[in-house]
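Enquirer: Next up is a structure, given as structure tokens.
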């Protein structure tokens, strides 16, 4: 009786994008990254962004996008980069710093070059949209929301 090589080959290839389990496993793994940021925030290693009575936050993620918010400066960026490298070592999921952009909270100003070099990424200015939502240091104006409203009406 010959061995069944088709079953053996399926087990060797691992999960691929589009497999039914891959999305759930990716979500679980991203929760680990979120927990790493929350732990750094709770232990005061990261400063985060104050959210009034809700405490503070330092990361938001949606699907494979990650938004990191901090007011701690250069040292916080070093901690963020360390967390991302530890996460990469644990999971094998690598941060694509070529697609990473660093924004300053000061409207119309670029971040300092040294801070962008810390993350090996490009710099950008606010106002920017993320998933159609305007992100700015100040409250977005009515016209900033018009693109999102038009998309919702369609």
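Residue 1 is the first one shown; counting continues down the chain.
Glycine too: its Cβ is placed from the backbone N, Cα and C atoms.
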Enquirer: Which one of these stretches, 92-112, 113-133, shows up in TrEMBL as transmembrane segment?
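Expert: My reading of TrEMBL: the transmembrane segment range is 113-133.
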Enquirer: May I have the DSSP-based helix, strand and coil counts for the residues of the domain 'Reverse transcriptase' (1-150)?
Expert: 70 helix, 24 strand, 56 coil
